[in-house]
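Encoded as structure tokens, the structure appears first; notes follow it.
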């Protein structure tokens, strides 16, 4: 068979031939038959023998990646999904969302909540999963796509470390209550304990007084009637619709804040978890599934919470707003008291605190994974001694957590809960969204996703990433600062110095963003423009800066003085201008 090789300049007479990244394959021609002088053949592509073990199990990777260090992957897809769901569905789904829904118009609160889920929550969730999966790195080193923003990686890592200080204490409380529930009699059923105050009242004596004169067979019936009536009153209070509440800006701010904290974007956990996915995993489907499950869980948990609050209000003869609360007081005071009055109270108490333990521990483990993966990917010595580093991280959080179990520990916990992951985490995700959408480029990010999954994100997602989500985050950050008031816990107003300390904790993480940006700029070689170019150009394209070509810059074009976006990276929504480059002097 004669094979004629045509010169490259004769292959196309319409347009010049541009090089394209096509993988070279060997083709095997097999003679099938020879009939009347005509040869019939069949062809097949010969699969190349992989030289790197990592190419066998997980083909593909971001540009500039090397196969020197094979990255672990999840054993099963379900492992990843359950880990992400376990992190997102945490204690806040039980003790915060139902109370916010109740006090902000009931069912009307779902309108801004679902709206912000669609325009900000899901897009940011999707963005973090795709960012981690494509680059196969933790929260810090993932910013090789735009080195000047690496400081935001350290910001979210430090925030996750701070959260571990007090979140582990809540898990410890759950363990303590769990083992206390295994006693012959629940400890909080009587007032004979050393922690009881003078205002303690014995539930048993109340029940004897209330049931006095009733036949013993009627007492369980009367108790069930109270439980049922109170539960229905609580559910009605939870689902009541007050559309007038939507006129208050505070309702919209709290809905926006809650959807953000509920999904858990910005803690570096989603990036860390997704970095262990296979390169072609469908993270788009994972984002829709896990974020939907998280929000549905928050809504359903409200039925369990307010049925109990309604029962407690009915039992004590007070209004629901008198017993409705959020935070640790709900799950460690109100709920245990309600459970103690039910038949089989020990069993229900054990089940309840097992639930709290499982809700807390997977979220806490996710936060630690963000710290460990983020730093070990950045510092090779930590990756080499990962087990020792993991132990040091866990033991360090344990030592700091001891501050939260002192006599004033609840005040330390409240301070950290409000400042360690408050405005700082909102600020971190705002910078993250700006870095990906405006500096790395929505077009390039969409191409990365197409390379992984075979399709580009739709116009809706690109609009949200570029305009809606950053605007949403900016408004929430400003609102959280403007509407901030002094801390108060059970009538105790925190002193001024504690507020200063709290803002110092918040600023300690946020300062990594400008400090690292300045450091990166000063450490780069070349002129002012070249330094900026190095800072905003992906590391695997730094050779283009040396050649005087910068894709991210917007330069004056030579045709008529029009401004055009170089390389189409910042154009954003799929509109690719004519190719151009900026020549650095």
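Just so it is clear, glycine is given a Cβ too, placed from its N, Cα and C backbone atoms.
Note: TrEMBL annotation is automatic and uncurated.
Remember, predicted model here, so these are calculated numbers, not experimental data.
Matching 40-67, 152-179, 180-207 against TrEMBL, the residues noted as transmembrane segment span 152-179. Among the ranges 2-27, 210-235, 288-313, the one that TrEMBL lists as transmembrane segment is 288-313.
As annotated in TrEMBL, transmembrane segment covers the listed stretch 502-522 rather than the other ranges in 502-522, 523-543.
Listed ranges 326-346, 347-367; the one TrEMBL annotates as transmembrane segment is 347-367.
Listed as Cβ neighbours of the transmembrane segment (288-313) (distance under 8 Å, sequence separation of 6 or more from its ends, same chain) are residues 81, 84-85, 88-89, 93-95, 97-99, 101-102, 110, 113-114, 117, 121-122, 125-126, 226-227, 230-238, 259, 262-263, 319-320, 322-324, 330, 334-335, 337-338. Contacts between the transmembrane segment (502-522) and the transmembrane segment (110-131): absent, as fewer than 3 C-beta pairs lie under 8 angstroms at sequence separation of six or more. When each of 110-131, 152-179, 347-367, 388-413, 463-482 is checked for Cβ pairs under 8 Å to the transmembrane segment (80-98), 347-367 comes out on top. There are 17 other Cβ atoms within 10 Å of the Cβ belonging to residue 86 (Na(+) binding site). Across the candidate stretches 110-131, 347-367, 419-442, the maximum count of CB pairs under 8 A to the transmembrane segment (463-482) is reached by 419-442.
Long-range contacts of the transmembrane segment (388-413) within the same chain: residues 161, 164-166, 168-170, 172, 328, 368, 371-372, 375-376, 382, 489, 492, 494, 498, each at least 6 residues beyond the stretch ends and with a Cβ under 8 Å from a Cβ of the stretch. If you look at the transmembrane segment (347-367), the same-chain residues 6 or more away from its ends with a CB under 8 A from one of its CBs are 83, 86-87, 89-91, 93-94, 160-161, 163-164, 167-168, 170-171, 174-175, 177-178, 181-182, 186, 264, 267, 269, 272-273, 331, 335-336, 339-340.
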